[in-house]
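Please read the structure below before turning to the comments.
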Amino acid sequence: MERTFVMVKPDGVQRNLVGNIIACFEKKGLKIIGLKMMRIPRELAESHYGEHRDKPFFGPLVNYITSGPVVAMVLEGKDAVGTVREMMGATNPLKAAPGTIRATYGMDIGRNVVHGSDSPTSAEREINLFFRPEELVNYQRDVDRWIYE
Ligand code: IDP
Ligand code: MG
C-alpha cells in the first residue's frame, strides 16, 4: 500500500467543496489516515512548493495557498499517488480530462482546487512537512476485503 499527500486548496474550502472532494477519494476506496484543516504558514508554503521557487507564478502561488484555510490529508491505497493524480486531472482545469476533479470544479490554472503529490518521493516529503507521525492513524478497515481482492 502506498501513501500520498492531498490537499483541498483555499478556493476549494471557500467554495464549499471540501465534502465533495473528500467524497471522491473515499468512494474510490482510498483510506483516509490523516486529516486536518489548517492555515499554511508562509515558510511551509515556500518549502512545499520549493521546486517552483524560480517560476514566475511562485509569488502568486504562495499568496494563493496561504490566503485561507486548507484541508490537508494523507490517503493510503494501491498506487495511491498515481491514482490521486489521475483523479485530479491536469494542472490546468481547462485541459483536465472530463470527469476529473479539476475539470469538474475548476476554470483557472491558478485556482485548481486540489493538490496531490506527484511521486512517492514527493509524497513522503510532503507528508512529513504537513503531518507529525502521531497524527497519522493506524486502523483496520473492514470494508477493505470488498475493495481489494
Ligand atoms: P500540479 O499541482 O498539477 O502538480 P505543478 O506544476 O506542480 O502542478 O504546480 C503547482 C501549482 O502551482 C499548481 O497546482 C497551480 O496551483 C500552480 N501553477 C502551476 N502552473 C501555474 C501557472 O502557470 N500559473 C499559475 N499557477 C500555476
Ligand atoms: Mg506538482
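Numbers here mean position along the shown chain, with the first residue as 1.
Glycine too: its Cβ is placed from the backbone N, Cα and C atoms.
According to TrEMBL:
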- 1-138: domain 'Nucleoside diphosphate kinase-like' (DOMAIN)
- Lys9, Phe57, Arg85, Thr91, Arg102, Asn112: ATP binding site (BINDING)
- His115: active site, pros-phosphohistidine intermediate (ACT_SITE)
Reduced DSSP state (H/G/I helix, E/B strand, rest coil) at Arg85 (ATP binding site) is helix
Based on a Cβ-to-ligand 1 distance below 6 Å, what subset of the binding-site residues Lys9, Phe57, Thr91, Arg102, Asn112 would you report?
Phe57, Thr91, Asn112
State, in Å as a whole number, the widest CA to CA span among the ATP-binding residues Lys9, Phe57, Arg85, Thr91, Arg102, Asn112 given in the record.
21
For the domain 'Nucleoside diphosphate kinase-like' (1-138), what are the DSSP-based totals of helix, strand and coil residues?
62 helix, 28 strand, 48 coil
Rounded to the nearest Å, what's the C-alpha distance separating Phe57 (ATP binding site) and His115 (active site, pros-phosphohistidine intermediate)? Just drop the number here, would you?
16
Row Thr91 (ATP binding site), column other C-beta within 10 angstroms, all chains, value 12
